Every structure is written in structure tokens, then in C-alpha cells.
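Asker: Provided herewith is a single structure, encoded as C-alpha cells, for subsequent inquiry.
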Amino acid sequence: MANVSKKVSWSGRDRDDEEGAPLLRRTGQPDEETPLLNGAGPGARQSHSALFRIGQMNNVELDDELLDPEVDPPHTFPKEIPHNEKLLSLKYESLDYDNSENQLFLEEERRINHTAFRTVEIKRWVICALIGILTGLVACFIDIVVENLAGLKYRVIKDNIDKFTEKGGLSFSLLLWATLNSAFVLVGSVIVAFIEPVAAGSGIPQIKCFLNGVKIPHVVRLKTLVIKVSGVILSVVGGLAVGKEGPMIHSGSVIAAGISQGRSTSLKRDFKIFEYFRRDTEKRDFVSAGAAAGVSAAFGAPVGGVLFSLEEGASFWNQFLTWRIFFASMISTFTLNFVLSIYHGNMWDLSSPGLINFGRFDSEKMAYTIHEIPVFIAMGVVGGILGAVFNALNYWLTMFRIRYIHRPCLQVIEAMLVAAVTATVAFVLIYSSRDCQPLQGSSMSYPLQLFCADGEYNSMAAAFFNTPEKSVVSLFHDPPGSYNPMTLGLFTLVYFFLACWTYGLTVSAGVFIPSLLIGAAWGRLFGISMSYLTGAAIWADPGKYALMGAAAQLGGIVRMTLSLTVIMMEATSNVTYGFPIMLVLMTAKIVGDVFIEGLYDMHIQLQSVPFLHWEAPVTSHSLTAREVMSTPVTCLRRREKVGIIVDVLSDTASNHNGFPVVEDVGDTQPARLQGLILRSQLIVLLKHKVFVERSNMGLVQRRLRLKDFRDAYPRFPPIQSIHVSQDERECTMDLSEFMNPSPYTVPQEASLPRVFKLFRALGLRHLVVVDNHNQVVGLVTRKDLARYRLGKGGLEELSLAQT
């Protein structure tokens, strides 16, 4: 522990020497004492009010599975919320990615014959096909609505600008532009801030956390999908520096989570299909497929979608899952391609593989030479530095928002302010620019003439007066001479800060396209410089360097290498640039990691989520399970009184949602581990009143099936909603049939990296720590492991907080 820099000590182990373990008194009979074996030592017991304390914290904010959201007390909003990035929130619960192999589960698995097994496998493939189809259709809907609304907006503004350019009074055009932008963003931010805040942003950090095993409330609900789709349409049409591609990953994940369950808890509709997949383990795999399908629909990159899900999302992987994810990705991009081709009148052409099509790069005209490799590496360095600056600025901006802009009304006002400022800055730059280019050969959809001569257009408007996707394609493919260096330099500088300010607003939006647009702008500027230095050599094409700059900037911000390389290759339909794109992305990641972590990881950290990386901190071998585990542990007996179980579940201090089950022995003998049972299982048992009247009787006649637990999943009722009479409190509950009789355990002397590897690789929620006699001495949960991380000064232990 010498190398551990402790910030605040919250672990219950620090109080072991200070507190004794008082007795738990039986509810309703104060003169009797009922032993509640806590496993902290031979015969150890503790009071009901002190069960499972985490340090000195007595109150823990419960997740939505514990509290009824309809009866939660109203939130109050202080003027400032103190926030420290060295915190780990207790409000997040873990998902059960390890199946509880109790008697019910094993009996069902034994009944599955070869035919039933094949049926389950076929259902998996059918679900993946449905995920791909629906994700593709949602992407089509977003694209068509954005194209029509944005086209209408830009036509109205263009006509207004053309009108007032001749007669004067362009300030009215500015007012119209800012008003239209603010109106769209107002609606988009209101529905996010007041209806479903988890729909804000791209959703990629939240999906990463879900696949990592963290339960993010409402992240894969139908309402979230509706708000996400509506919000991203309004954000893009509102002219913000955002893209619609990132949120497709979140949308695909929500679709996958819903389809795989065969019901909608939001709509209270159960279609009685796919019931076998109603558990976290199965849902996780389908959400991985949904994330990949979202990438595939966004960029027309099915292989890139699979690699994105592997690199950024899925924490657990196997060969069969790879095939199903690839299948969902291919179906998604084909559905999008087919529907958009019909919409554009080219039914048999299939020319729209993704929401954004970078266009084909001519390999012969734009081939690279060996002496350009150092130039590409230099561009990667620039992208890494600019990405680090972007992330650092966004970090401090997000900290400011957490502390001061936490009221929904303030969040809406900020979003409208950013929309108005974006329109104003764009108008001022377009108005001030005298960069006029010939209209002939231009790909601009809404060319603005302003003060240019007839037959010319303002090139600054080509970057600002368009959707970001079309602006990226223009920078890639417009012929040399379409932009002058001053225009590109000003656009890069201004759009960089606008995109940084915009990311983190309470709107549904992504950072993929803004990053590509910034990089394409300074990359094209880089290409113009190379062309000037080499005397307009044929290989110094600005479009090629715009592509490399876009890859460098995006890689410097999000720090993805493998998946981004393939996505860029598939989106450009050109394998030639695979090697230079990989070099650029790797260089950008290496350089950026020197200064600050990637944008998604940074926001996960700012939200204090107990996210587990692939490996434990490299300097953590000096720590053992004894030092990181939570103690004392609330244990239950095989045959436990209903009143005790109700009291344990009602006690907010015992909020680990899992309880070791120990053998029922005499008070003087040690309690050995027999199994583990989850809070959700106990809730279902109490709801169905699986009691016996006297402790010497067997189970009641009514036998629970695994279906009863699946029907309650995933929104288990809160303990407060289950009525247990005084007579029922005196009954006994036999946990033998429902507990997991073979939970994973580790000895006290196991090192932290070994505990971490076991916990992380198996997707555990609880890991029981036992002594040499198999007595429970502690419990390791996700938060116990996540609070150790490698800081600049060595190994740090994060503080635990309620929010």
C-alpha cells in the first residue's frame, strides 16, 4: 500500500478495528435475537442498521430497480454542484453478465435437446436480421427528414439573403438564420432535457458502459430511441456543429435491446417471443450487434461496424458472436442502401450505402508515393495535438456545465445560445469573405452569391451554408483552387471552437462529422501548402490531404485506430489509402494519449462511472483481495425468515444487490459459504410469496419457474411495493433452489490484478472472498475494483460518492 495515493478512505475495511458487530434483533420480537451471519469471522453478527456499510456512508442513492420513479422526491437544484473527477459514483449498479446456475436454470438447460438448441440458434440469427433491418430503416428516416428540413431551411435563408443583398438590410437575413436555428435547437434540447436526459450526446460512452457491465438507467428504452432520433434531426437541421452518424450507434443498440426481448415494457406489450433471451447476458450480445449495425448504417461500413463493436464496445467476444454481428451489419447497410436508392429514384442502382458517402477517390490520380509517408506521419502528429487540445477544452467546459449548468432550463438556454452564435459567426464570416469561385463545376447545393460577380459563389458559404456531411464531401472532392488558404484557415479555427463548445450540450448529436470536417479543412490547407512547395506536383492533390487530415483529427479526438481505418477505407471505397490512414490514426492516438485520454473515455470518467478497463493498473500487484474487498458482508442462511429478508432488502446500507448464502449452523460454529443469491431473485420470491409457514415444513406447492424471473426482468419492482404481513414475516423462505450454489470465490491473499482479471473476463457482478475454511470474509464488486486507477503520481484510490 506504500505506492497508493489515497484521497479519501471510504472502504468498510478501515472500520473493522473500530466497530464491533452488534446483534440483529428479530423484527416484532425484541426479546429474541436472530443471528444474521455476516461472514466477517467465526460467529460474527451485526446490526440491521449497520449492515454492509461502505465507510461512513449511511445513505446510498438507489437505482431505478430499487426506487419507484413515480414516487421519487422532487429534485432540488443548487446554484453550484461541487464536482471532482477523482470520484466514483455509487448510483450506478452492475449488470448480471454471469448466469446464475441455480437449480431452475440447470433443469431448463437439461431439458433443451438438439432440436430446441437449433431453434434457439435460428432465433438468434432472426433477431440479428431484424436488428439490421430496423436500424437501417431508422437511418433512412433520419436521413430523409434531415435532407428535406435542412433543404427547406437553406432555401428560405438563401432567397432571403439574395433578396436583401440587392436592396440592403442583410441584418434581417442574419436574424432569420439565427431564429430558425434557435427554434429547431429549442425543441431538440427541450425534449432531451425535460423528457429523457440520457438521450443527450452521441450515446457512445453510455453504450460502452452498458457493454462493459454498468447499468445506465433508461439507456436502452424505447422512449430514449424516440427522443434520440427526434433530437438528432433537430440538432442537425438547427445548424449546430454536429453529425447524425454517432447517435446511430446508440439508436441501433436500443433497437437491439428491444427486439431481443420480444416485448416493450414502455408500451406494456408482451409478444410472447424470444423469452429465452430475457437476461443481461443475451441482451449484451445483441446490443453489440446493434452498435455495429448503427456504424454500418452511418458509414456504409459493415466490417468497420464489427471492428468498432470489438474495439470500442463489446467487452466479451467469441467467434459465433462475430458472425452474427457481421450479419446484422450487412443487413443494416443493405436495407439503408435499398430504401434510399428507391427514394432517390435509382431502385436498382444501390448507390447509397451509408448516411454519408465520402465518394470515390481516383486511385491513379491520387496515388501516394513513398516519400509522402513522413508527411502523413506529421499530419498524424498535428491531429493528435489538435485532438488533445479539443479534449482538454471540452473537459473544462464539461466540468463547468456539471457545476453550474445543471438545471434543464439553463441547459436549453445554452443550447439556443450556441445555435444563435453558430449562425451569427457563420454569417459574419460569409459576409466578410471575398473568396469568390466560379459556379461551374461546383457541387454546392445552395450557392450564395452575395457580393461575388455573376456566375460565382462565396466559397466560405460552401463550408458553412450546408449540412456538415455535404461540406466534408466538398472538401474531399472539389477541384484544386476551390478554396483559398485564408478561407480554410478561418473556417478551421472557428469550427474547431464551435464543435468543442457544442459537444456536451443537452442535445442528441455526434462528434464524428464535426471532427472529420475540421480535419478535412486543415488537411486541405496542408495539401495546398504541399502543392505550392512542390510546384503543383500532380501527387500533391488537396483532396487526398483533406482525407488524411480528417482521419488524423477524428483519431486525435476519439482515439480509435483499427475500426476507423476500415471505416474510412469502406466509406471511400478505396483500399489504396489503408496503410497511410492507419499510420495517421496510430500516430494521432500515440501523440494524443501523451496529453489526455480520448473523448469518450474522458466523459465516462467525468460521469464517475465504475468502468473496468481490460487490465488492472500496472502498479497494483502490491494490493490483495483483503485490502480491496468490502466488509462486513450481509449473508443469509439457506432457510431464512421472511422478515429478515425484507429488512435486509429495505436497508439502503446493504446495497450490493447480492448476498452470500451460508449454511445454517450453531451460533458457535463458523459459517461456510453455500451459494449466492441476488436482490432481484429475492424480490421475485417475495412477490410470489414463496414462503413456508413453519421452519420444519418443505416448500409450498406453487413452484416458481425460470419464466417467472424472466417476466419480471428487467424492471424488478421495488421492495417498498411488496406487501408482507406480520404473519408472513414469521414464515421461512428456503433459498436452496434459487441461489447459485457455485459462485466464484478468491482467497484473501489473491493479488488485485488476478482478482481484476477473473472479475473482468467473466463479467462478474460479485466475487466472494473466503478464508482457508471457506468462510465469507468479504465481497468484491465492480466499484471496489474500479476505484483503483493509475494516475500521474502512481496508483490512486478514488473516493466513493452518492452522485
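Placed from the backbone N, Cα and C atoms, the Cβ positions cover glycine too.
Computed from a predicted structure; not experimentally measured.
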Asker: To which of Phe117, Phe277, Phe286, Phe512 does Swiss-Prot also attribute binding of chloride at the site defined by Ser202, Tyr600?
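Answerer: The one candidate that Swiss-Prot places in that chloride site: Phe512.
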Asker: Quick one: which of 302-310, 644-652, 671-679 does Swiss-Prot have down as intramembrane segment?
Answerer: 302-310
Asker: Between 97-100, 265-268, 573-576, I'd like to know which one Swiss-Prot lists as intramembrane segment.
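Answerer: Result: 573-576 is the stretch Swiss-Prot calls intramembrane segment.
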Asker: Which one of 453-464, 561-572, 753-764 shows up in Swiss-Prot as intramembrane segment?
Answerer: 561-572
Asker: Tell me the residue counts in helix, strand and coil for the motif 'Selectivity filter part_1' (201-205), as DSSP assigns them.
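Answerer: Going through the motif 'Selectivity filter part_1' (201-205) residue by residue, I get 2 helix, 1 strand, 2 coil.
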Asker: Restricting to the motif 'Selectivity filter part_1' (201-205), report the mean pLDDT as a whole number.
Answerer: 92
Asker: Sequence-remote contacts (6 or more beyond its ends) of the transmembrane segment (577-595), Cβ cut-off under 8 Å?
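Answerer: Same-chain contacts beyond the flanks: 361, 368, 372-373, 376-377, 379-381, 383-385, 387-388, 391-392, 544, 547-548, 551-553, 555-557, 559-561, 564-565, 568-569.
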Asker: Is it true that the intramembrane segment (302-310) and the intramembrane segment (561-572) have 3 or more CB pairs under 8 Å, sequence gap of 6 or more?
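Answerer: Contact between the intramembrane segment (561-572) and the intramembrane segment (302-310): present, because at least 3 Cβ pairs are under 8 Å.
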Asker: Near the Cβ of Tyr600 (chloride binding site), how many other Cβ atoms are there if near means within 10 Å?
Answerer: 24
Asker: Go through 125-157, 172-195, 245-262, 408-430 and flag the stretch with the largest number of C-beta pairs under 8 Å relative to the transmembrane segment (320-339).
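Answerer: Per the Cβ under 8 Å count, 125-157.
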Asker: Tell me whether Tyr600 (chloride binding site) sits in a helix, a strand or coil according to DSSP.
Answerer: helix
